[in-house]
Amino acid sequence: MYDGNDQKTVTLSTIKELKSKGEKIACLTAYDSTFAYQLDQAGIEIILVGDSLGMVIQGHKTTVPVKIEDMIYHSKNVSSSIKSAFLISDMPFMSFYNSDIALENAKRLMQDGGAHMVKLEGNQSQLNIIEKLAMSDIPVCAHIGLRPQSVNKMGGYKVQGKENREAENLIDEAVRIEDSGADILLLECVSSLTAKKVTEAINIPIIGIGAGSDVDAQILVLYDILGLTPGKLPKFSKNYMTGKNTIQEAIASYIQEVKTKKYPSEKYSFK
Ligand code: KIV
C-alpha cells in the first residue's frame with residue numbers, strides 16, 4: 001500500500017515477504033512521538049512500544065510495575081507520528097491473566113493506542129489466550145526465552161536454551177505458539193544455536209534480541225543504542241553513537257548493520 005508520501009506502509013504481509021526473501025528486518029523500541037518520527041523516517045520496519053519503558057522512562061528496577069494505561073499512553077504518542085512502520089505494543093504484567101482480560105486490553109491497545117499488533121510474554125499456559133486473540137483477528141507477537149515480566153519467578157535475567165532439555169522445550173513451545181495462531185515470535189536472550197533451531201522449526205517471522213544472527217529480525221532498546229542507558233549495556237546490545245555525530249546517523253548505522261548482517265556478530269550473541 002502507498003500512503004501518498006514517499007514511504008510504503010509496513011504491514012504483516014510486508015514482514016512475511018521480507019522473511020521469505022531472506023531480507024533481515026530492523027526493529028527498535030520507541031516510547032514517544034519524537035523518537036518514533038526519527039525511526040520512521042529512517043525506514044525502520046517495526047517499532048515496539050515495549051514495557052521496557054518501565055525501566056527506561058519510569059525509572060523502575062523491573063518491568064513489573066508497568067500498567068496497561070502506561071502502555072496505551074505511550075502507544076498513542078508513538079502511533080501519532082508513524083507513517084510507515086509497523087507498531088507493536090506490549091501487554092504489561094498481569095494484563096492478560098485470562099482470555100477475557102487479554103481481549104479487553106488488546107482491544108484498548110489497538111483502538112486507543114493505535115497498535116497494529118500486541119506482544120505478550122507467554123509460555124505454554126498462555127496458548128488459549130493467543131488463540132482467543134487470534135480468533136478475534138488481533139495480530140499477536142509471542143515473547144519467549146527470557147521473559148522480563150517473570151524475572152521474580154525465573155530468578156534473574158539468564159540466557160535461555162543453553163542445555164539440550166531447555167532447547168527442546170523452547171522449540172516445542174515455539175511450535176505450539178505458532179499452531180495457536182501467533183503471527184510473530186520474539187526470542188530474548190537465547191543461545192544462538194537454539195534460536196537457529198527454533199527458526200528452522202516454525203514458519204512465522206522471528207524477532208531476536210540476544211538470539212544470534214539466524215533469526216529473521218533484530219530488535220534493541222533505542223536508548224541503549226544511543227548510549228543513553230546508565231551503567232553497563234547487556235552483552236547483546238551495541239552503542240551506535242560511538243563515532244557518530246547525530247542520532248540520525250546512529251539509527252541509520254544500526255539499520256544498515258542489521259540489513260547487511262553485520263549485527264549481531266558473535267561478540268553480541270550467546271553460545
Ligand atoms: O519491552 C521491551 O522493550 C522488549 C524488548 C526488549 C524486546 O520486550
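Placed from the backbone N, Cα and C atoms, the Cβ positions cover glycine too.
Copied over from TrEMBL, here are the features:
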- GLU188: active site, proton acceptor (ACT_SITE)
- ASP51, ASP90, GLU121: Mg(2+) binding site (BINDING)
- ASP51, SER52, ASP90, LYS119: 3-methyl-2-oxobutanoate binding site (BINDING)
In whole Å, how far does the CA atom of GLU121 (Mg(2+) binding site) lie from that of the residue listed as 'active site, proton acceptor'? 10
SER52, LYS119, GLU121: which of these binding-site residues has the sparsest Cβ neighbourhood within 10 Å? SER52
From ASP51, SER52, LYS119, which binding-site residues have a C-beta atom under 6 Å away from some atom of ligand 1? ASP51, SER52
What are the non-local neighbours of ASP90 (Mg(2+) binding site), defined as same-chain residues 6+ apart in sequence with CB under 8 A from its CB? LEU48, VAL49, GLY50, ASP51, VAL66, MET71, VAL118, LYS119, LEU120
Across the recorded positions (ASP51, GLU188), the Cβ with the fewest other Cβ atoms inside 10 Å is that of GLU188
Cα distance (Å, whole number) from SER52 (3-methyl-2-oxobutanoate binding site) to the residue listed as 'active site, proton acceptor': 13
Compute the centroid of the Cβ atoms of ASP51, ASP90, GLU121, then list the same-chain residues not in that set whose Cβ lies within 8 Å of it, in sequence order, for the Mg(2+) site. GLY50, SER52, THR63, VAL66, MET91, PRO92, PHE93, LYS119, LEU120, HIS143, PRO148, GLN149
